Amino acid sequence: MSLHWALICHGLITLTIVVSFLCGQWPIFQGTPISSIHRFLTFGAYQYFLRFIGAVFGDRGANLILSVEYYCCDRPNPILQLIYLAIIGTTYYIIVKTSFSYIPGYYLSEVHRYASFLAVAVGILLFLVTSFSDPGTVKADNVSRYLSAYPYDNIIYTEKECRTCKIPKPARSKHCSLCNRCVARFDHHCGWMNNCIGERNTRYFLAFLLWHFLLCIYGTIAIGLVLAGRLKELQIVHVLTVYYGVDNSLRSLAPYVVQWLLDAHNTQILLMVFMGVVSLLLAGFFAYHANLCLTNTTTNETFKWQDYISWQKKLIEARASTVALKANIAGMTTEGKPRESKCKSFFRRSLLQDTEAIVKKNVYDKGFFHNLYEFQQEHHFCILNRNPAKALSTDITYSFTQLLLLSVLNLRQSNHVVSQKFRMG
């Protein structure tokens, strides 16, 4: 029985650490132990470790750790890529060793042996495509086309020059300090891919997230069906009710069934928990990026808008405070004017409350269908320099989707023209 509690505690501790590390900075966890664990994992533990190395090995040891940190965090490196391959390879190997002996089983046919391998292979293929594809590098020979494709909104993007590349900086682009290049429609630099996510590989990145979410769901359900098949084949419920006198109800059977599963198939249970947690994280991450694509926004622009709105609020509050201060000074210097009643002054709105609301004017958000169409394609000017055969081989995967979206857009435009003519007539 102690083994069961050890496994349960291990699962809870693992879940707490994973959630704290990935989600501890969320506002919902502020002031909770999750936030404290997140700070310790991301900052405190490393600082304590650095102090320990400095105390034991001196400055030489500390400098060695700092150089390793610089390589891992400030330079492009394949460490997280290797970790991804190790995680997916090890997980699939454990599943093969522990569960394939029960396939085919009561609920699963033999086809799942090959389907699972194909699913993992597609996931790795999407990983490689995202990792090694060009995110949309802005160079001197194509910067003019990017400048015409993405106009400046003069809010979060203004005309300027990249100080590193010494070329005009198109709107929505950003110079990545890790990759040392300007990237069109820059979203973020992904350490897992060791690559920037930009205009030309965002679709591959989203496909990677969606496919791995479905892969984790598939693995969790498949292992669950393997375990359910073992319960059916070994007639565990029948044995418990007939030979051990357990009442044939879910409430009575559940503790014994769980105990048997933890005894006989604890590895599969841990795999199910692991893949279930990862699937939830991937679902949240995919939903966030899908929403960005459908509103034609990037992660980089989200932070830019937050900074802009915060600055505008402070500016408006400062102006309102100035007006209020001038009004108070004018009221103090005015003589002979009847004083405002306490009741009236109590219900009078503050000047700070009368400040105008700040509106986020995203000029790049042109509607659901336009945004989806722009996301699906490499921007039209990127295709101009390619020969027809290469263009066909690159874009054939997306041709049907683009044709469908163009048809919808043309239909909407035609309806708009007809309605205008009807009004004029």
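Cβ from N, Cα, C; glycine included.
Curation does not apply to TrEMBL; its annotations are automatic.
Record features, source TrEMBL:
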- 158-306: domain 'Palmitoyltransferase DHHC' (DOMAIN)
- 6-28: transmembrane segment (TRANSMEM)
- 40-58: transmembrane segment (TRANSMEM)
- 78-95: transmembrane segment (TRANSMEM)
- 115-133: transmembrane segment (TRANSMEM)
- 204-228: transmembrane segment (TRANSMEM)
- 269-288: transmembrane segment (TRANSMEM)
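Packing against the transmembrane segment (6-28) from elsewhere in the chain are residues 34-35, 37-39, 41-42, 262, 266, 269-270, 273-274, 277, 281: each is 6 or more residues past its ends and has a CB under 8 Å from a CB in it.
For the domain 'Palmitoyltransferase DHHC' (158-306), residue counts in helix, strand and coil come to 91 helix, 14 strand, 44 coil, using DSSP. Mean predicted confidence for the domain 'Palmitoyltransferase DHHC' (158-306): the pLDDT average there is 92. Using a cut-off of 8 Å between Cβ atoms, the transmembrane segment (115-133) and the transmembrane segment (269-288) share fewer than three residue pairs, counting only pairs 6 or more apart in sequence.
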